[in-house]
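**Student:** Could you have a look at this structure, given as structure tokens, before my questions?
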């Protein structure tokens with residue numbers, strides 16, 4: 001596969017989003033800014049549209065600010081997003097692509113991998129490893145500021161990700177390629193059940209959801225991944241060698257969070273927030289555990305299709 005070479009440039013649109021003021025501003029593509037807030041638009045978007053995810057919002061913003069403000073980062077930014085289905089993992093990754101690159105996920109410098117599409121046959125693992133290494137190396141040679149998204153890590157053939165390990169560390173050059181300005185994002189449901197249990201216990205103890213800390217969740221997520229022989233990180237060395245900059249937990253969504261998603265979707269469609277539609281969508285959703293009926297089984301994943309049904 002040929003590497004994309006068109007229009008490689010600094011993280012232009014993010015300069016204004018971060019609210020940075022520096023001499024370097026003249027070299028950045030501030031014309032691509034989409035925001036009228038005049039400060040950190042990504043943070044505004046996450047606050048408005050990412051329901052119930054105080055930890056994810058804070059971690060993503062903090063990690064990106066530190067990485068993008070550093071003109072010579074020591075290593076690429078590596079984030080691993082974990083949580084139940086429909087909690088916002090894919091939304092966050094697509095939002096980052098939209099802010100970082102013209103064309104968002106369609107940019108030639110955004111590389112989105114799906115196990116079903118790109119790695120469907122575990123028996124072809126050696127070929128996949130060779131192809132993936134070549135693809136990453138070739139595209140980083142063409143443009144060091146590339147974004148690599150790996151979806152459904154739970155379904156990737158074990159052993160595949162070990163070819164990425166050299167690209168994720170702090171070496172200056174790998175295979176003749178300077179890769180330290182790249183971003184890697186891994187997405188999986190692994191750790192979701194453990195996250196749900198922590199949030200459920202907090203609710204039963206009458207603790208505020210926002211009191212839940214990363215320190216409570218990070219060890220149990222790491223253990224869930226390390227103990228799962230079907231996860232893409234299995235024996236890859238990525239977790240063991242501490243190559244992740246942040247493990248980002250996404251908490252299960254409660255009824256009021258799903259309501260927030262419904263209202264946002266109606267606004268996106270240019271429709272008035274009709275209470276009968278909102279109530280119908282919420283009433284059609286399923287919640288768990290059986291006794292508490294606290295968390296949405298599908299998060300906000302099916303909100304758009306349910307709205308279309310009830311309009």
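Cβ coordinates come from backbone N, Cα and C, glycine included.
The feature signal peptide is assigned by TrEMBL to 1-26. Annotation comment: TrEMBL describes 75-214 as domain 'AAA+ ATPase'. If you look up TrEMBL, you'll see 83, 84, 85, 86, 87, 88, 89, 90 marked as ATP binding site.
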**Student:** If the ATP site is taken as the center of the Cβ atoms of 83, 84, 85, 86, 87, 88, 89, 90, which further residues of that chain fall within 8 Å of it by their Cβ?
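**Tutor:** Other same-chain residues near the ATP site: 189, 192, 250, 299, 301.
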**Student:** Within the chain of residue 88 (ATP binding site), which residues six or more apart in sequence place their C-beta under 8 angstroms from its C-beta?
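**Tutor:** Those within reach of residue 88 (ATP binding site), by Cβ under 8 Å and sequence separation of 6 or more, are 50, 51, 53, 56, 250, 299, 300.
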**Student:** Within 10 Å of the Cβ of residue 85 (ATP binding site), how many other Cβ atoms can you find? Include all protein chains, please.
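**Tutor:** For residue 85 (ATP binding site), the 10 Å Cβ neighbour count is 17.
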**Student:** State which of the following binding-site residues has the fewest other Cβ atoms within 10 Å around its Cβ: 87, 90.
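**Tutor:** Counting other Cβ atoms within 10 Å of each of the binding-site residues 87, 90 gives the minimum at 90.
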**Student:** Would you find the one among the binding-site residues 83, 86 whose Cβ has the most company, meaning other Cβ atoms within 10 Å?
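**Tutor:** Counting every other Cβ within 10 Å of each candidate, the maximum falls on 83.
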**Student:** Enter the number of other CB atoms within 10 angstroms of the CB of residue 84 (ATP binding site).
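**Tutor:** I count 24 other Cβ atoms within 10 Å of it.
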**Student:** Who sits close to residue 89 (ATP binding site): which same-chain residues at least 6 apart have their Cβ under 8 Å from its Cβ?
**Tutor:** 81, 82, 83, 187, 250
**Student:** Summarise the model's confidence over the domain 'AAA+ ATPase' (75-214) as a mean pLDDT value.
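**Tutor:** The answer is 93, the mean pLDDT of the model over that range.
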